[in-house]
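**Student:** Take this structure first; my questions come after.
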Amino acid sequence: MKPDAHQVKQFLLNLQDTICQQLTAVDGAEFVEDSWQREAGGGGRSRVLRNGGVFEQAGVNFSHVHGEAMPASATAHRPELAGRSFEAMGVSLVVHPHNPYVPTSHANVRFFIAEKPGAEPVWWFGGGFDLTPFYGFEEDAIHWHRTARDLCQPFGEDVYPRYKKWCDDYFYLKHRNEQRGIGGLFFDDLNTPDFDHCFAFMQAVGKGYTDAYLPIVERRKAMAYGERERNFQLYRRGRYVEFNLVWDRGTLFGLQTGGRTESILMSMPPLVRWEYDYQPKDGSPEAALSEFIKVRDWV
């Protein structure tokens, strides 16, 4: 079946609505919407919830941009895209909770299509979701990965292990020699066996994110915490910033295509701290995190 960009766009707009409604139901606060246009073509809807009952900041962004040529970040690993016009659309979100016992989460689903006259379109889907805890709870990690595994199951037994490994490899801070969190799913360049199959998988990932995340939020949001936990949360958020600005392909793509900087950097935590040569106390819950986020099979 020929790729149907309009159908994908409708799904993404509905997904943004649904996720915002689900997060509002947990938090109580409303999202503020900011619609924007891109001079070179396209636009989007950025929605942000700030200082809610549960979430310090949650950003859920829809964007649909198009242009005459792909940026360097996209053609570097796909040279056949050079000289093609492109459309890129997606929903991307990051949730930064107040409570350090509630993990930060990120999800993204996207679709690219690149065309030139007289040639077949080049298209693919990408996306995934990943979890960044500050304090590790095994039952949360197992639930997160079990949800990821179960949504992958109808698409093949090898899908979850493949995309889990890709996630572990992708969300890795080389300069720190550590994982960003406990991973989840990551996929890109998905265009086989056909459009319908790939689109169905992307939809399953988009819908599966809140199934994976919200039960963890409900379980942890009322846990008591103090200044020590908050300081550690802010320190660990620094890793999030480092990854997004140094390693993340999506951030680079957005900035190189003249995307809307406010929306691209919406993933940044509102507060963060760095501390020179920070070492948590041996045997402390803070020290346990470095072991907890090491790659392992959770299910």
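Each residue, glycine too, has its Cβ placed from N, Cα and C.
Note that the coordinates shown come from a computational prediction; the quantities given were computed from them, not determined experimentally.
Under the heading substrate binding site, Swiss-Prot lists Ser92, Asn108, Val109, Arg110, Gly258, Gly259, Arg260, citing sequence analysis as support. For His96, His106, His145, His175, the entry in Swiss-Prot reads divalent metal cation binding site, with the evidence type sequence analysis. According to Swiss-Prot, the active site, proton donor annotation covers His106. The site 'Important for dimerization' annotation in Swiss-Prot covers His175 and rests on sequence analysis. Positions annotated as region 'Important for dimerization' by Swiss-Prot: 240-275.
Any idea what these are sitting next to in the structure?
**Tutor:** Secondary structure at Val109 (substrate binding site), as computed by DSSP, is strand.
All protein chains considered, the CB of His175 (divalent metal cation binding site) has 9 other CB atoms within 10 Å.
Counting only same-chain residues six or more apart in sequence, the Cβ atoms lying under 8 angstroms from the Cβ of His106 (divalent metal cation binding site) belong to Leu93, Val94, Val95, Phe129, Asp130, Thr132, Ser267.
Averaged across the region 'Important for dimerization' (240-275), the predicted model reaches a pLDDT of 89.
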**Student:** Can you give me the Cα-Cα distance between His96 (divalent metal cation binding site) and Asn108 (substrate binding site) in Å, rounded to a whole number?
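**Tutor:** Between the alpha carbons of His96 (divalent metal cation binding site) and Asn108 (substrate binding site) there are 15 Å.
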**Student:** Provide the three-state DSSP residue tally for the region 'Important for dimerization' (240-275): helix first, then strand, then coil.
**Tutor:** 22 helix, 0 strand, 14 coil
**Student:** Which whole number of Å gives the largest C-alpha distance between any two of Ser92, Asn108, Val109, Arg110, Gly258, Gly259, Arg260, the residues noted as binding substrate?
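**Tutor:** Between the most distant Cα atoms of the substrate site, 20 Å.
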